[in-house]
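Asks: Would you mind keeping the following structure in view while I ask a few things?
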Amino acid sequence: MKNAFKNALKAGRPQIGLWLGLANSYSAELLAGAGFDWLLIDGEHAPNNVQTVLTQLQAIAPYPSQPVVRPSWNDPVQIKQLLDVGAQTLLIPMVQNADEARNAVAATRYPPAGIRGVGSALARASRWNRIPDYFHQANDAMCVLVQIETREAMSNLASILDVDGIDGVFIGPADLSADMGFAGNPQHPEVQAAIENAIVQIRAAGKAPGILMANEALAKRYLELGALFVAVGVDTTLLARGAEALAARFGAEKNLSGASGVY
């Protein structure tokens, strides 16, 4: 077993990614052929569940793009299910301290190294027990990325970086800016200073820094500072803004006057 994404991070090769929020396998496969190094299947803010994550993993599998899956929470039961359907790289949201980081790592490892439940006969990840010595190989193939998204997490960054089994730390600019008092403005100078300092600190500790940033200039700036996995766009945004721009070129205007609510 191997994890190409994990190996690329360990080798210091920057990985450029795209966020997937459309929650379906058809668009996931379409984007898997676009040339991105990694694709984030979002279970926190997109309408995904274990079944939809599975179908997207299957759709992406024939392509070079590597899947990264974000569960909705640092929950060992949910993590176990995602690993069993074939996720190897997880992005764990809202990790605040070293204990929570250790819990995330433990959830991805079989005993005695962790607490992952054994159900390989039912698991796509083990090819239904067709992979010899799966239990020993699986632990080494796991890639654990944790998100720091608050001032508390930033203050605990050094201890989070000391946790064995953490491969990378992802800075969440939207939640971080909100927690710092600048909701909706991740480009505020104070937020940017915090992000840049964190990238340098993470890389200096021998871990991979990551972030989502659709602003091209800032994304390149983060790469220059040492970020190793950078998502540079979101599928829903690409579709929405692209469709609006096309309509506008033909004189159409966005009209939401008939909308009575989000439902």
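Each residue, glycine too, has its Cβ placed from N, Cα and C.
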Asks: So Swiss-Prot lists A174, D175 for substrate; which of Q96, Q137, Q147, Q201 goes with them?
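Replies: As annotated by Swiss-Prot, A174, D175 share the substrate site with Q147, chosen from Q96, Q137, Q147, Q201.
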Asks: Say you check the Cα of Q147 (substrate binding site) against those of the recorded positions H45, R70, D84; which is nearest?
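Replies: Of all the candidates listed, R70 is nearest in space.
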Asks: Quick check: which same-chain residues outside Q147, A174, D175 lie with their CB within 8 A of the centre of the substrate site CB atoms?
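Replies: Near the substrate site, beyond Q147, A174, D175, sit P93, M94, E149, I171, G172, P173, L176.
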Asks: Neighbour count, 10 Å Cβ-Cβ cut-off, for R70 (site 'Transition state stabilizer'): what number do you get?
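Replies: Counting Cβ neighbours of R70 (site 'Transition state stabilizer') within 10 Å gives 26.
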Asks: To the nearest whole angstrom, what is the C-alpha distance linking A174 (substrate binding site) and D84 (site 'Increases basicity of active site His')?
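Replies: Distance between the two Cα atoms comes out at 30 Å.
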